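Chemist: First the structure, which I've put down as structure tokens, then a few questions once you've had a look.
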Amino acid sequence: MPIKIPDQLPATEVLREENIFFMQESRATTQAIRPLKVIILNLMPKKIETETQFLRLLSNSPLQVDVELLRIDNRTSKNTPTEHLDTFYRQFEGIKDRNFDGLIITGAPLGLVQFEDVIYWDHLQTIMTWAKDHVTSSLYVCWAAQAGLKLLYDLPKRTRKEKLSGVYKHTNLDQHHPILRGFDDQFLAPHSRYADFSADYLKSHTDLDILATSKEAGVYLAATKDKRNVFVTGHPEYDSFTLHNEYVRDLGEGMEPTIPVNYYPDDNPDITPKATWRSHGHLLFSNWLNYCVYQQTPYDLEHFSEQNFTRDE
């Protein structure tokens with residue numbers, strides 16, 4: 001949370017240059033606090049596992065967050081009981097007239113499927129378009145990042161020859177960007193995807209701020225200038241065994257997956273893996289909630305509009 005300082009304090013410029021989060025007194029007196037309303041569109045097959053992973057990260061914040069779960073309308077799930085979906089998940093028709101502070105769209109195992117061949121592609125586009133006028137900040141994760149780039153920038157699907165799987169080192173490219181506050185100069189995060197996110201390609205075809213990259217994995221973190229759209233190409237929400245379970249699954253299906261990079265001790269799948277990205281995941285989601293959502297969203301969501309957004313001091 002920010003420190004509150006007098007409006008004309010000489011230290012203001014120094015604090016701003018050092019990326020210290022502060023709020024001037026005139027703004028602090030007008031900032032009211034209420035629970036943030038965040039909705040998660042869960043596209044993953046194992047919905048209970050995925051919702052647990054994201055809720056874990058959203059919980060590590062001093063802000064109160066009211067979370068709702070969203071499903072693709074009338075889609076049955078092979079891996080999640082119908083009664084769970086009916087009890088805990090909303091359908092788009094039921095929420096389309098409401099506004100939210102944040103939207104998270106999860107990944108989906110559709111790396112080798114063309115967008116137009118995704119059964120729910122039209123419905124997903126409808127939700128992403130709706131978010132422009134109903135959500136303060138949207139967070140697109142892994143496959144959803146690729147889908148979001150297609151919708152917002154009409155970028156074609158770019159696919160790697162081999163699946164990227166493992167835990168990779170990333171470089172913090174802008175220590176003064178709010179999303180990266182508190183990040184180490186280099187940090188680890190897991191990836192599990194076929195999508196290719198080249199930094200040069202995104203720089204030449206979008207106006208995104210490229211915030212973190214990896215030599216092996218390409219762009220990991222990017223955002224629009226107004227922070228209303230944030231793209232995470234990896235899986236910071238994964239728990240310790242998610243990559244292992246995917247590896248075992250692929251082996252069981254007769255595939256020949258490579259051992260996830262930098263994941264198992266001594267690259268030995270028989271040794272219990274360790275999560276080396278947990279603190280990064282918590283900090284990323286905490287920063288998104290604070291700087292992209294809470295600091296920008298209007299207090300009264302019923303009067304949501306572009307003009308309502310507050311800006312960094």
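Cβ coordinates are placed from backbone N, Cα and C, and glycine is handled just like the others.
In case it helps, Swiss-Prot gives these features for our protein:
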SITE      G111  site 'Important for acyl-CoA specificity'
ACT_SITE  C142  active site, acyl-thioester intermediate
BINDING   K163, S192, R249  substrate binding site
SITE      S192  site 'Important for substrate specificity'
ACT_SITE  H235  active site, proton acceptor
ACT_SITE  E237  active site
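Mind mapping these onto the model and telling me what they sit next to?
Modeler: Listed in sequence order, W143, T159, K163, R193, Y194, A195 are the same-chain residues at least 6 apart in sequence whose CB falls under 8 Å from the CB of G111 (site 'Important for acyl-CoA specificity').
Same-chain residues at least 6 positions away in sequence with a Cβ under 8 Å from that of C142 (active site, acyl-thioester intermediate) are, in sequence order, T106, G107, A108, H191, S192, R193, A195, V232, T233, G234, H235.
In the three-state DSSP scheme, K163 (substrate binding site) is classed as strand.
According to its DSSP assignment, S192 (substrate binding site) is in a strand.
DSSP assigns H235 (active site, proton acceptor) to coil in the three-state reduction, outside any helix or strand. The local packing around H235 (active site, proton acceptor), expressed as other Cβ atoms within 10 Å of its Cβ over all shown chains, amounts to 24.
The number of other CB atoms found within 10 A of the CB of E237 (active site), across every protein chain shown, is 27.
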Chemist: Count, for each of the binding-site residues K163, R249, the other C-beta atoms lying within 10 angstroms of its own C-beta, and report the residue with the smallest count.
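Modeler: Lowest Cβ count within 10 Å among the binding-site residues (K163, R249) is R249.
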Chemist: Quick check for the class: what is the C-alpha distance, in angstrom and rounded, between R249 (substrate binding site) and E237 (active site)?
Modeler: 19
Chemist: Please report the DSSP secondary structure of G111 (site 'Important for acyl-CoA specificity'), reduced to three states.
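Modeler: Coil, per DSSP.
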Chemist: Among all protein chains shown, how many Cβ atoms are found within 10 Å of the Cβ of S192 (substrate binding site), not counting that one?
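Modeler: Result for S192 (substrate binding site): 21 other Cβ atoms within 10 Å.
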